[in-house]
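Asker: Take a look at this one; I'll ask things after.
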Amino acid sequence: MYHCVTGATGFQNFFPSLTETLGYSPTISLLLVAPPYIFMMFYSYLHSSTSDRFQMRWVFWMYPIPIVIVGCFVFMYTDSFGPRYFSLFLLNFAFAMNSTIYAWIASSIPRPPAKRAAAMAFMNSIGNAASIWTPFTYWDSSQPHYRPALGIVIGLMCIAGITGTTLRFYLASENKRFERNEMSDSEPTEKDMKKLQKTAEMEGVDIATARQMQKGFRYVL
């Protein structure tokens with residue numbers, strides 16, 4: 001998921017080149033870089049705080065995807081200044097997804113802290129590896145529309161949507177299992193018992209305490 005977002009936002013390394021295709025001088029082209037990022041700085045704060053307030057992750061992961069895709073198509077198939085510059089604002093909606101994925105992964109691996117830290121480090125290493133290959137997709141020969149590169153962005157956004165939806169359904173099924181176990185007085189299944197034993201080993205507690213720790217816990221969807 002994070003690899004897809006990092007790959008999609010690879011345009012940030014070529015943003016001056018994108019604004020240069022709008023037909024202005026180098027100085028004006030560089031000045032045009034700032035407004036989309038200033039806008040996204042404030043919007044990302046609103047996006048993240050709203051996601052936290054409603055304790056929702058999947059919706060806030062998904063809605064930027066069609067916005068970014070529309071931005072790609074507008075930049076790829078228009079030539080006038082207004083639509084093309086507006087499309088750069090739309091492309092930057094991909095950055096709003098960064099805060100969502102960090103919060104979502106952190107809440108999906110709540111304990112132990114060492115495991116969560118390792119997961120975040122692994123996510124960072126794999127995700128940022130996209131910066132290795134994305135620079136090779138913005139060819140000089142594809143100016144001024146950069147259709148191959150933005151086509152890859154569209155593909156990555158689609159994959160991000162699929163993987164995010166898969167994660168959402170998996171966590172929802174786990175929440176149902178937690179609820180079912182809490183409502184039932186029967187003994188845990190063999191599969192649930194293995195998970196309890198693993199939790200007990202990681203936390204250094206007995207099975208009964210591990211089961212008690214799970215009561216009331218739900219993954220954020």
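Every residue, even glycine, has its Cβ placed from backbone N, Cα and C.
Just so you know, TrEMBL annotations are computer predictions that nobody has curated.
I grabbed these lines from TrEMBL:
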TRANSMEM  24-46  transmembrane segment
TRANSMEM  58-78  transmembrane segment
TRANSMEM  84-105  transmembrane segment
TRANSMEM  117-136  transmembrane segment
TRANSMEM  148-171  transmembrane segment
Asker: Given a Cβ distance threshold of under 8 angstroms, which distant residues of the chain, six or more beyond its ends, lie next to the transmembrane segment (84-105)?
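Answerer: Cβ under 8 Å, 6 or more out: 1-2, 5, 8-9, 11, 15, 18-19, 21-22, 32, 35-37, 39-40, 43-44, 47-48, 51-52, 57, 60-61, 64-65, 67-68, 70-72, 74-75, 78, 119-120, 123, 153, 157, 160, 167, 220.
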Asker: Residues of the same chain, at least six outside the transmembrane segment (58-78), with any C-beta under 8 angstroms of its C-beta?
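Answerer: Long-range Cβ neighbours of the transmembrane segment (58-78): 1, 8, 18, 47, 50-51, 84, 86-91, 93-94, 96-97, 100-101, 104, 145-147, 150-151, 153-154, 157-158, 160-161, 164-165, 167-168, 221.
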